[in-house]
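Database features (TrEMBL):
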| type | residues | note |
| --- | --- | --- |
| ACT_SITE | Asp62 | active site, proton acceptor |
| ACT_SITE | Asp200 | active site, proton donor |
| BINDING | Ser35, His95, Gly171, Phe172, Gly173, Gly174, Gly202, Gly222, Ser223 | substrate binding site |
| BINDING | His60, Asp62, His95, Asp200 | divalent metal cation binding site |
| SIGNAL | 1-18 | signal peptide |
Amino acid sequence: MNVLRRSVLGLLAARLHAGTSSSRSMAYSAKIGPSILSSDLSCLGSECVRMMECGADYLHLDVMDGHFVPNLTFGHPMVECLRKSVGQDPFFDMHMMVSRPEQWVKPMAAAGANQYTFHLEATTNPGNLIKEIRESGMKVGLAIKPGTTVEELAPWANQIDMALVMTVEPGFGGQKFMEDMMPKVSWLRSQFPSLDIEVDGGVGPDTIHKCAEAGANMIVSGSAVISSDDPRSVIALLRTAVAEAIQKRSLDR
């Protein structure tokens, strides 16, 4: 009986180890996050619900202060209203294009944000800000502009949940996708294999394969999804491209 019990326990342990190894090698997955700033802002709550019903994995919310970037959008009061409107399920990824990201951590956490993505260029003490975001109960995202090298982000990569590589200059929608940002994504994926890597700017059906092949797994898409006659199909297309690239990368190891 003891021998049988040890055999069963050994088999369970082996399966558990195999499952752990498998999940470690596939620690990231394809996630599509429509940028709600491309929505009809007069009915933002219903637009958020529509995107989730069309298969979005999360919602990307662009916060601009008119200083770090020239444009001005919304702040934590709007996020609080949206959270009350759409409920607790949608994951709110806050892209904080603001000059003093430290001052909005607690208000955004209280408003219902799930992830606080700040720009490396906007702070002199990323370490303290990362700690503060974690203590507030949110996940940590760290973004870099096109002109910032990926090596500047690298020292913080093991302390964050997600790295955002901007594929346009932050601040305005409708810009052309910058393919020359893809080496940043490739380098991050090679150095930090399990890190969530997000791309934002000009990403749609025409550019998704470049992003997926480089190693991005979190895809922000604005007008390509929201202005489409069939957002569900576009979201599915984007997710399939990323999932296939992830599978290929896993098989190539």
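Quick reminder: no glycine exception, Cβ is built from N, Cα and C everywhere.
Owing to the predicted nature of the structure, the values given are computational and were not obtained by experimental measurement.
Distribution of TrEMBL features across the structure.
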{"residue": "His60", "record": "divalent metal cation binding site", "contacts (Cβ under 8 Å, 6+ apart)": "Gly33, Pro34, Ser35, Ile36, Asp93, His95, Asp200, Val220"}
{"residue": "Asp62", "record": "active site, proton acceptor", "contacts (Cβ under 8 Å, 6+ apart)": "Ser35, Ile36, Leu37, Thr73, His95, Met97"}
{"residue": "Gly171", "record": "substrate binding site", "contacts (Cβ under 8 Å, 6+ apart)": "Met64, Val69, Pro70, Asn71, Met97"}
{"residue": "Gly202", "record": "substrate binding site", "contacts (Cβ under 8 Å, 6+ apart)": "Thr167, Val168, Gln175, Lys176, Phe177, Met178"}
His60, Asp62, His95, Asp200 excluded, remaining Cβ within 8 Å of their centroid (divalent metal cation): Gly33, Ser35, Leu37, Leu61, Asp93, Thr117, Leu164, Val220
Fewest other Cβ within 10 angstroms of its own Cβ, chosen from the binding-site residues Ser35, Ser223: Ser223
Surrounding CB atoms that lie within 10 Å of the CB of His95 (divalent metal cation binding site), all protein chains: 27
Neighbouring C-beta atoms (10 Å sphere around the C-beta of the residue listed as 'active site, proton donor'): 25
